[in-house]
Amino acid sequence: MPPAGQDDLDFLKYAMESYVADVNADIGKTTIVFTLREKAGALAETLKLFQAHDVNLSHIESRPSKTHEGCYEVLVEFAEAEDHRKIEGVIEHFQQKAEKKVLVQDWNTKNKQNKDSVPWFPQKINDIDQFANRILSYGAELDADHPGFKDMTYRERRKFFADIAFNFKHGDKIPTITYTDEEIATWRTVYNELTVMYPKNACQEFNYIFPLLQQNCGFGPDRIPQLQDVSDFLKDCTGYTIRPVAGLLSSRDFLAGLAFRVFHSTQYIRHHSAPKYTPEPDICHELLGHVPLFADVEFAQFSQEIGLASLGAPDDVIEKLATLYWFTIEFGICQQDGEKKAYGAGLLSSFGELQYALSDKPEVVDFDPAVCCVTKYPITEYQPKYFLAESFASAKNKLKSWAATINRPFQIRYNAYTQRVEILDKVAALQRLARDIRSDISTLEEALGKVNNLKMK
(Lines of atoms letter the chains of each structure in order from A; the text may use other names.)
(Lines give C-alpha, C1' and ligand atoms only; values in the text may rest on other atoms or scores of the structure.)
Protein backbone atom coordinates (compact mmCIF):
# COMPACT_ATOMS: atom_id res chain seq x y z
CA MET A 1 0.00 0.00 0.00
CA PRO A 2 1.14 3.59 -0.61
CA PRO A 3 2.30 5.56 2.43
CA ALA A 4 -0.46 7.53 4.10
CA GLY A 5 -1.40 10.65 2.19
CA GLN A 6 0.15 9.49 -1.08
CA ASP A 7 -1.77 8.59 -4.22
CA ASP A 8 -1.01 5.42 -6.16
CA LEU A 9 1.33 7.05 -8.66
CA ASP A 10 3.30 9.00 -6.07
CA PHE A 11 4.03 5.63 -4.45
CA LEU A 12 6.48 5.01 -7.29
CA LYS A 13 9.02 7.40 -5.89
CA TYR A 14 9.31 5.16 -2.83
CA ALA A 15 9.37 1.90 -4.73
CA MET A 16 11.08 2.43 -8.06
CA GLU A 17 14.84 2.26 -8.43
CA SER A 18 15.24 2.68 -12.18
CA TYR A 19 13.80 1.98 -15.58
CA VAL A 20 14.88 1.33 -19.15
CA ALA A 21 12.53 1.70 -22.11
CA ASP A 22 13.08 0.33 -25.58
CA VAL A 23 10.86 0.57 -28.61
CA ASN A 24 11.73 -1.96 -31.30
CA ALA A 25 9.96 -0.89 -34.46
CA ASP A 26 11.17 -3.96 -36.35
CA ILE A 27 9.19 -6.41 -34.23
CA GLY A 28 6.39 -4.01 -33.37
CA LYS A 29 6.83 -4.14 -29.62
CA THR A 30 7.61 -1.67 -26.89
CA THR A 31 9.52 -2.93 -23.87
CA ILE A 32 10.06 -1.26 -20.52
CA VAL A 33 12.30 -2.75 -17.86
CA PHE A 34 12.08 -1.20 -14.41
CA THR A 35 13.66 -2.11 -11.09
CA LEU A 36 11.58 -2.17 -7.92
CA ARG A 37 12.59 -2.38 -4.32
CA GLU A 38 11.28 -5.56 -2.72
CA LYS A 39 8.22 -4.21 -0.92
CA ALA A 40 4.72 -5.59 -0.50
CA GLY A 41 2.45 -4.24 -3.20
CA ALA A 42 5.21 -2.48 -5.14
CA LEU A 43 4.54 -4.29 -8.42
CA ALA A 44 0.77 -3.98 -8.20
CA GLU A 45 0.96 -0.26 -7.52
CA THR A 46 3.48 0.26 -10.32
CA LEU A 47 1.33 -1.57 -12.86
CA LYS A 48 -1.49 0.83 -12.04
CA LEU A 49 0.59 3.43 -13.86
CA PHE A 50 -0.05 1.62 -17.14
CA GLN A 51 -3.74 1.37 -16.32
CA ALA A 52 -3.83 5.09 -15.57
CA HIS A 53 -2.45 5.80 -19.06
CA ASP A 54 -4.78 3.22 -20.68
CA VAL A 55 -1.92 1.01 -21.90
CA ASN A 56 -2.69 -2.71 -22.33
CA LEU A 57 0.22 -5.00 -21.48
CA SER A 58 0.88 -8.12 -23.57
CA HIS A 59 3.68 -9.67 -21.51
CA ILE A 60 5.06 -9.36 -17.97
CA GLU A 61 8.01 -11.15 -16.36
CA SER A 62 10.22 -10.51 -13.34
CA ARG A 63 13.52 -11.69 -11.87
CA PRO A 64 15.80 -10.81 -8.94
CA SER A 65 18.07 -7.91 -9.86
CA LYS A 66 21.75 -8.72 -10.28
CA THR A 67 22.77 -5.06 -10.06
CA HIS A 68 20.44 -3.65 -7.36
CA GLU A 69 20.59 -5.55 -4.06
CA GLY A 70 17.18 -6.12 -2.48
CA CYS A 71 15.36 -5.36 -5.72
CA TYR A 72 13.83 -7.19 -8.65
CA GLU A 73 13.54 -6.29 -12.31
CA VAL A 74 10.23 -6.29 -14.15
CA LEU A 75 9.91 -6.47 -17.94
CA VAL A 76 6.65 -5.43 -19.56
CA GLU A 77 5.76 -5.46 -23.26
CA PHE A 78 2.93 -3.95 -25.23
CA ALA A 79 2.06 -3.93 -28.91
CA GLU A 80 3.02 -1.33 -31.48
CA ALA A 81 -0.69 -0.58 -31.92
CA GLU A 82 -0.73 1.24 -28.61
CA ASP A 83 -0.97 5.01 -28.89
CA HIS A 84 2.60 6.30 -28.61
CA ARG A 85 1.36 9.36 -26.78
CA LYS A 86 0.20 7.03 -24.03
CA ILE A 87 3.58 5.31 -23.99
CA GLU A 88 5.35 8.65 -23.78
CA GLY A 89 3.11 9.47 -20.83
CA VAL A 90 4.30 6.33 -19.05
CA ILE A 91 7.93 7.17 -19.79
CA GLU A 92 7.48 10.74 -18.59
CA HIS A 93 6.02 9.52 -15.31
CA PHE A 94 8.93 7.12 -14.87
CA GLN A 95 11.31 10.01 -15.43
CA GLN A 96 9.60 11.93 -12.65
CA LYS A 97 9.32 9.11 -10.14
CA ALA A 98 12.38 6.87 -10.57
CA GLU A 99 14.84 7.64 -7.80
CA LYS A 100 17.87 6.61 -9.85
CA LYS A 101 17.08 7.35 -13.45
CA VAL A 102 18.25 5.06 -16.20
CA LEU A 103 16.97 7.18 -19.05
CA VAL A 104 15.10 6.07 -22.12
CA GLN A 105 17.08 3.66 -24.27
CA ASP A 106 16.65 3.84 -28.05
CA TRP A 107 13.24 5.47 -27.72
CA ASN A 108 12.07 5.74 -31.31
CA THR A 109 8.84 5.69 -33.26
CA LYS A 110 8.99 4.17 -36.73
CA ASN A 111 12.80 4.45 -36.64
CA LYS A 112 12.58 8.18 -35.85
CA GLN A 113 14.41 9.05 -32.67
CA ASN A 114 12.43 10.99 -30.08
CA LYS A 115 13.99 14.34 -29.29
CA ASP A 116 14.06 13.52 -25.57
CA SER A 117 15.66 10.08 -25.94
CA VAL A 118 18.86 9.30 -24.10
CA PRO A 119 20.71 6.00 -24.64
CA TRP A 120 21.19 3.90 -21.54
CA PHE A 121 24.48 4.48 -19.76
CA PRO A 122 26.14 3.07 -16.62
CA GLN A 123 25.77 5.12 -13.46
CA LYS A 124 27.94 3.08 -11.13
CA ILE A 125 31.14 1.21 -11.76
CA ASN A 126 29.70 -2.30 -11.45
CA ASP A 127 27.18 -1.47 -14.19
CA ILE A 128 30.11 -2.16 -16.52
CA ASP A 129 29.42 -5.86 -15.91
CA GLN A 130 26.33 -5.46 -18.08
CA PHE A 131 28.23 -4.72 -21.29
CA ALA A 132 31.86 -5.78 -20.81
CA ASN A 133 31.32 -8.99 -22.79
CA ARG A 134 29.57 -7.42 -25.77
CA ILE A 135 32.61 -7.70 -27.98
CA LEU A 136 32.38 -6.91 -31.69
CA SER A 137 35.11 -9.15 -33.06
CA TYR A 138 38.04 -11.41 -32.32
CA GLY A 139 38.05 -12.84 -28.82
CA ALA A 140 38.34 -16.59 -29.37
CA GLU A 141 37.19 -16.30 -32.99
CA LEU A 142 39.70 -15.18 -35.62
CA ASP A 143 39.30 -13.96 -39.19
CA ALA A 144 40.78 -16.06 -41.99
CA ASP A 145 43.55 -13.52 -42.61
CA HIS A 146 44.65 -13.48 -38.96
CA PRO A 147 48.24 -14.81 -38.55
CA GLY A 148 47.01 -17.35 -36.00
CA PHE A 149 43.91 -18.53 -37.87
CA LYS A 150 45.33 -21.97 -38.78
CA ASP A 151 47.19 -22.46 -35.50
CA MET A 152 44.82 -24.51 -33.32
CA THR A 153 47.10 -24.27 -30.29
CA TYR A 154 47.02 -20.48 -30.54
CA ARG A 155 43.26 -20.48 -30.99
CA GLU A 156 42.80 -22.63 -27.89
CA ARG A 157 44.98 -20.19 -26.01
CA ARG A 158 42.82 -17.31 -27.21
CA LYS A 159 39.75 -19.14 -25.93
CA PHE A 160 41.45 -19.51 -22.55
CA PHE A 161 41.96 -15.75 -22.32
CA ALA A 162 38.44 -15.05 -23.58
CA ASP A 163 36.94 -17.26 -20.87
CA ILE A 164 38.80 -15.31 -18.19
CA ALA A 165 37.36 -12.06 -19.49
CA PHE A 166 33.83 -13.44 -19.87
CA ASN A 167 33.79 -14.70 -16.27
CA PHE A 168 35.26 -11.54 -14.76
CA LYS A 169 33.06 -9.31 -12.58
CA HIS A 170 33.76 -5.96 -11.00
CA GLY A 171 35.66 -6.48 -7.77
CA ASP A 172 37.33 -9.71 -8.89
CA LYS A 173 41.08 -10.08 -8.96
CA ILE A 174 42.48 -10.62 -12.44
CA PRO A 175 43.86 -14.18 -12.55
CA THR A 176 47.62 -14.63 -12.72
CA ILE A 177 48.70 -15.99 -16.10
CA THR A 178 51.56 -18.38 -16.72
CA TYR A 179 52.68 -17.29 -20.16
CA THR A 180 54.39 -19.81 -22.43
CA ASP A 181 58.01 -19.53 -23.56
CA GLU A 182 56.75 -18.78 -27.06
CA GLU A 183 54.56 -15.93 -25.79
CA ILE A 184 57.41 -14.48 -23.73
CA ALA A 185 59.71 -14.64 -26.78
CA THR A 186 57.16 -12.66 -28.78
CA TRP A 187 56.89 -10.11 -25.96
CA ARG A 188 60.70 -9.88 -25.77
CA THR A 189 60.97 -9.04 -29.48
CA VAL A 190 58.40 -6.27 -29.21
CA TYR A 191 59.70 -4.94 -25.88
CA ASN A 192 63.34 -4.73 -26.93
CA GLU A 193 62.66 -2.98 -30.23
CA LEU A 194 60.25 -0.43 -28.79
CA THR A 195 61.99 0.51 -25.55
CA VAL A 196 65.14 1.69 -27.32
CA MET A 197 62.98 4.21 -29.20
CA TYR A 198 61.21 5.70 -26.18
CA PRO A 199 63.91 8.04 -24.81
CA LYS A 200 64.04 10.03 -28.04
CA ASN A 201 60.47 9.72 -29.32
CA ALA A 202 58.09 9.40 -26.35
CA CYS A 203 56.78 12.35 -24.34
CA GLN A 204 58.37 13.33 -21.03
CA GLU A 205 55.50 11.97 -18.96
CA PHE A 206 55.81 8.55 -20.59
CA ASN A 207 59.57 8.42 -20.04
CA TYR A 208 59.15 9.43 -16.40
CA ILE A 209 56.61 6.69 -15.67
CA PHE A 210 58.09 3.80 -17.65
CA PRO A 211 60.98 3.15 -15.20
CA LEU A 212 58.40 3.09 -12.38
CA LEU A 213 56.59 0.30 -14.19
CA GLN A 214 59.86 -1.59 -14.49
CA GLN A 215 60.43 -1.21 -10.75
CA ASN A 216 56.90 -1.86 -9.52
CA CYS A 217 55.21 -4.08 -12.10
CA GLY A 218 58.01 -6.21 -13.48
CA PHE A 219 58.20 -4.59 -16.92
CA GLY A 220 61.14 -6.15 -18.70
CA PRO A 221 62.06 -8.30 -21.72
CA ASP A 222 61.84 -11.66 -19.96
CA ARG A 223 58.47 -11.38 -18.24
CA ILE A 224 55.01 -10.34 -19.40
CA PRO A 225 53.59 -8.20 -16.59
CA GLN A 226 50.45 -9.39 -14.81
CA LEU A 227 47.40 -7.18 -15.34
CA GLN A 228 46.46 -7.23 -11.65
CA ASP A 229 49.89 -5.86 -10.66
CA VAL A 230 49.55 -3.12 -13.26
CA SER A 231 45.99 -2.34 -12.20
CA ASP A 232 47.07 -1.97 -8.56
CA PHE A 233 49.86 0.40 -9.60
CA LEU A 234 47.52 2.57 -11.68
CA LYS A 235 44.96 2.62 -8.87
CA ASP A 236 47.57 4.07 -6.53
CA CYS A 237 48.66 6.67 -9.10
CA THR A 238 45.44 7.99 -10.63
CA GLY A 239 42.55 5.75 -9.61
CA TYR A 240 42.49 3.89 -12.93
CA THR A 241 41.94 0.14 -12.91
CA ILE A 242 42.28 -2.51 -15.59
CA ARG A 243 39.55 -4.91 -16.58
CA PRO A 244 40.25 -7.90 -18.86
CA VAL A 245 38.29 -7.99 -22.10
CA ALA A 246 37.98 -10.74 -24.70
CA GLY A 247 38.14 -8.51 -27.78
CA LEU A 248 37.00 -5.25 -29.31
CA LEU A 249 34.16 -3.39 -27.62
CA SER A 250 31.88 -0.89 -29.31
CA SER A 251 33.00 2.73 -29.04
CA ARG A 252 30.11 3.52 -26.70
CA ASP A 253 30.92 0.68 -24.30
CA PHE A 254 34.68 1.24 -24.32
CA LEU A 255 34.36 4.99 -23.70
CA ALA A 256 31.83 4.37 -20.92
CA GLY A 257 34.52 2.41 -19.10
CA LEU A 258 36.88 5.39 -19.24
CA ALA A 259 34.22 7.50 -17.52
CA PHE A 260 34.77 5.33 -14.42
CA ARG A 261 38.55 5.23 -14.90
CA VAL A 262 38.34 1.64 -16.10
CA PHE A 263 40.53 0.58 -19.00
CA HIS A 264 39.50 -2.59 -20.83
CA SER A 265 42.63 -4.54 -21.69
CA THR A 266 43.28 -7.74 -23.58
CA GLN A 267 45.51 -10.42 -22.03
CA TYR A 268 46.41 -12.40 -25.13
CA ILE A 269 49.49 -11.68 -27.24
CA ARG A 270 49.91 -11.48 -31.00
CA HIS A 271 50.85 -14.60 -32.96
CA HIS A 272 54.52 -15.56 -32.72
CA SER A 273 54.88 -15.76 -36.51
CA ALA A 274 54.38 -11.98 -36.84
CA PRO A 275 55.72 -10.26 -33.70
CA LYS A 276 55.86 -6.87 -35.42
CA TYR A 277 52.27 -7.02 -36.64
CA THR A 278 48.87 -7.41 -35.04
CA PRO A 279 45.44 -6.81 -36.61
CA GLU A 280 43.94 -6.13 -33.17
CA PRO A 281 44.93 -4.70 -29.79
CA ASP A 282 46.97 -7.20 -27.78
CA ILE A 283 48.78 -7.09 -24.47
CA CYS A 284 51.87 -5.52 -26.07
CA HIS A 285 49.75 -2.62 -27.31
CA GLU A 286 47.93 -2.29 -23.98
CA LEU A 287 50.93 -2.46 -21.63
CA LEU A 288 53.56 -0.67 -23.70
CA GLY A 289 51.28 1.80 -25.46
CA HIS A 290 48.43 2.66 -23.09
CA VAL A 291 49.34 1.81 -19.52
CA PRO A 292 52.22 4.23 -18.78
CA LEU A 293 50.23 7.40 -19.36
CA PHE A 294 47.22 6.21 -17.38
CA ALA A 295 49.55 6.74 -14.41
CA ASP A 296 49.88 10.45 -15.30
CA VAL A 297 47.34 12.68 -13.53
CA GLU A 298 46.65 15.07 -16.43
CA PHE A 299 46.42 12.34 -19.05
CA ALA A 300 44.18 10.25 -16.80
CA GLN A 301 41.81 13.20 -16.42
CA PHE A 302 41.86 13.89 -20.16
CA SER A 303 40.96 10.27 -20.90
CA GLN A 304 38.15 10.29 -18.36
CA GLU A 305 36.70 13.49 -19.84
CA ILE A 306 36.25 11.70 -23.17
CA GLY A 307 34.47 8.90 -21.34
CA LEU A 308 32.20 11.21 -19.37
CA ALA A 309 31.26 13.10 -22.53
CA SER A 310 30.08 9.82 -24.06
CA LEU A 311 27.53 8.95 -21.36
CA GLY A 312 24.04 9.36 -22.72
CA ALA A 313 25.36 10.96 -25.92
CA PRO A 314 23.60 10.27 -29.25
CA ASP A 315 25.23 7.99 -31.81
CA ASP A 316 26.62 10.82 -33.94
CA VAL A 317 28.42 12.27 -30.91
CA ILE A 318 29.80 8.83 -30.00
CA GLU A 319 31.31 8.67 -33.49
CA LYS A 320 32.93 12.07 -32.95
CA LEU A 321 34.25 11.09 -29.53
CA ALA A 322 35.67 7.86 -30.96
CA THR A 323 37.45 9.95 -33.59
CA LEU A 324 38.82 12.25 -30.89
CA TYR A 325 40.03 9.19 -29.02
CA TRP A 326 41.71 7.90 -32.17
CA PHE A 327 43.64 11.10 -32.84
CA THR A 328 44.64 11.66 -29.21
CA ILE A 329 44.87 8.61 -26.97
CA GLU A 330 45.78 6.33 -29.88
CA PHE A 331 47.74 8.58 -32.26
CA GLY A 332 48.36 11.83 -30.43
CA ILE A 333 51.57 13.86 -30.53
CA CYS A 334 52.54 16.85 -28.41
CA GLN A 335 55.06 19.68 -28.39
CA GLN A 336 57.81 19.53 -25.76
CA ASP A 337 60.99 21.62 -25.71
CA GLY A 338 60.44 22.59 -29.33
CA GLU A 339 60.18 19.00 -30.54
CA LYS A 340 57.32 16.69 -31.46
CA LYS A 341 56.86 13.77 -29.07
CA ALA A 342 54.44 10.85 -29.14
CA TYR A 343 51.87 10.14 -26.47
CA GLY A 344 49.38 8.02 -28.44
CA ALA A 345 49.37 4.29 -27.68
CA GLY A 346 49.10 3.35 -31.35
CA LEU A 347 52.38 5.16 -31.97
CA LEU A 348 54.16 4.00 -28.82
CA SER A 349 53.43 0.36 -29.67
CA SER A 350 54.33 0.59 -33.38
CA PHE A 351 57.92 0.37 -34.60
CA GLY A 352 57.44 2.06 -37.95
CA GLU A 353 54.69 4.58 -37.31
CA LEU A 354 56.40 6.03 -34.24
CA GLN A 355 59.28 7.24 -36.40
CA TYR A 356 57.02 8.21 -39.30
CA ALA A 357 54.68 10.34 -37.18
CA LEU A 358 57.53 12.45 -35.83
CA SER A 359 59.16 12.94 -39.23
CA ASP A 360 58.38 15.65 -41.78
CA LYS A 361 56.31 13.30 -43.96
CA PRO A 362 52.79 13.52 -42.45
CA GLU A 363 50.67 16.64 -42.04
CA VAL A 364 50.62 17.98 -38.47
CA VAL A 365 47.99 20.47 -37.29
CA ASP A 366 47.12 21.99 -33.91
CA PHE A 367 44.64 20.03 -31.83
CA ASP A 368 41.16 21.47 -32.25
CA PRO A 369 38.41 19.10 -31.06
CA ALA A 370 35.82 20.60 -33.43
CA VAL A 371 38.05 19.84 -36.43
CA CYS A 372 39.56 16.64 -35.10
CA CYS A 373 36.22 14.95 -34.38
CA VAL A 374 35.08 15.07 -38.02
CA THR A 375 38.41 14.14 -39.63
CA LYS A 376 38.42 10.85 -41.55
CA TYR A 377 41.22 8.40 -40.88
CA PRO A 378 42.53 5.09 -42.26
CA ILE A 379 42.76 2.03 -40.01
CA THR A 380 45.14 -0.24 -41.94
CA GLU A 381 47.85 2.26 -42.89
CA TYR A 382 49.86 5.11 -41.39
CA GLN A 383 47.89 8.23 -40.59
CA PRO A 384 48.25 11.03 -43.16
CA LYS A 385 47.47 13.65 -40.49
CA TYR A 386 48.26 14.04 -36.79
CA PHE A 387 46.96 16.53 -34.24
CA LEU A 388 49.52 18.32 -32.08
CA ALA A 389 48.63 19.16 -28.46
CA GLU A 390 50.41 21.85 -26.47
CA SER A 391 50.03 19.74 -23.33
CA PHE A 392 47.63 17.27 -21.76
CA ALA A 393 46.16 20.06 -19.64
CA SER A 394 45.56 22.20 -22.73
CA ALA A 395 43.99 19.28 -24.61
CA LYS A 396 41.75 18.51 -21.62
CA ASN A 397 40.51 22.11 -21.39
CA LYS A 398 39.79 22.24 -25.13
CA LEU A 399 37.94 18.94 -24.91
CA LYS A 400 35.80 20.11 -21.98
CA SER A 401 34.85 23.28 -23.84
CA TRP A 402 33.87 21.26 -26.90
CA ALA A 403 32.00 18.66 -24.82
CA ALA A 404 29.89 21.44 -23.29
CA THR A 405 28.27 21.85 -26.71
CA ILE A 406 26.94 18.26 -26.73
CA ASN A 407 23.15 18.27 -26.80
CA ARG A 408 22.45 16.32 -23.63
CA PRO A 409 19.39 17.23 -21.53
CA PHE A 410 21.25 16.99 -18.21
CA GLN A 411 24.66 17.52 -16.65
CA ILE A 412 26.65 14.82 -14.89
CA ARG A 413 29.62 14.61 -12.58
CA TYR A 414 31.75 11.71 -11.43
CA ASN A 415 31.88 11.06 -7.70
CA ALA A 416 35.24 9.42 -7.10
CA TYR A 417 34.30 8.46 -3.53
CA THR A 418 31.34 6.32 -4.57
CA GLN A 419 32.55 5.59 -8.13
CA ARG A 420 29.18 6.71 -9.43
CA VAL A 421 28.03 9.16 -12.07
CA GLU A 422 25.59 11.64 -10.57
CA ILE A 423 22.91 13.19 -12.76
CA LEU A 424 22.57 16.85 -11.80
CA ASP A 425 18.90 17.28 -12.63
CA LYS A 426 17.41 17.86 -9.20
CA VAL A 427 17.82 20.56 -6.56
CA ALA A 428 19.09 18.06 -4.00
CA ALA A 429 21.87 16.90 -6.33
CA LEU A 430 22.91 20.48 -7.03
CA GLN A 431 22.90 21.28 -3.31
CA ARG A 432 25.23 18.33 -2.65
CA LEU A 433 27.54 19.57 -5.39
CA ALA A 434 27.52 23.08 -3.91
CA ARG A 435 28.40 21.69 -0.47
CA ASP A 436 31.29 19.71 -1.92
CA ILE A 437 32.59 22.77 -3.76
CA ARG A 438 32.37 24.90 -0.60
CA SER A 439 34.24 22.23 1.33
CA ASP A 440 36.99 22.08 -1.31
CA ILE A 441 37.29 25.88 -1.37
CA SER A 442 37.53 25.93 2.42
CA THR A 443 40.31 23.33 2.30
CA LEU A 444 42.09 25.35 -0.39
CA GLU A 445 41.89 28.57 1.64
CA GLU A 446 43.21 26.84 4.77
CA ALA A 447 46.10 25.32 2.82
CA LEU A 448 46.98 28.68 1.23
CA GLY A 449 46.97 30.28 4.66
CA LYS A 450 49.35 27.69 6.05
CA VAL A 451 51.68 28.00 3.06
CA ASN A 452 51.76 31.79 3.47
CA ASN A 453 52.51 31.43 7.18
CA LEU A 454 55.44 29.15 6.40
CA LYS A 455 56.84 31.69 3.93
CA MET A 456 56.69 34.44 6.54
CA LYS A 457 58.72 32.46 9.09
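Note that Cβ sites are derived from N, Cα and C of the backbone, with glycine treated the same way.
Pulled from Swiss-Prot, these are the features on record:
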type	residues	note
DOMAIN	31-108	domain 'ACT'
BINDING	His285, His290, Glu330	Fe cation binding site
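Over the domain 'ACT' (31-108), the average per-residue pLDDT in this prediction is 69. Note: the Fe cation site is recorded as His285, His290, Glu330; in the same chain, Pro281, Glu286, Gly289, Ile329, Gly344, Ala345, Gly346, Leu348, Ser349 also have Cβ atoms within 8 Å of that site's Cβ centroid.
Here His285 (Fe cation binding site) comes close to Thr266, Thr278, Ala345, Gly346, Ser349: these same-chain residues lie at least six apart in sequence, with C-beta atoms under 8 angstroms from its C-beta.
Close to His290 (Fe cation binding site) in the fold, though at least 6 residues off in sequence, lie Phe263, Ser265, Ile329, Ala345, each with a CB less than 8 Å from its CB. Spatially close to Glu330 (Fe cation binding site) yet at least six residues away along the chain are Gly344, Ala345, Gly346, Leu347, judged by Cβ distances under 8 angstroms.
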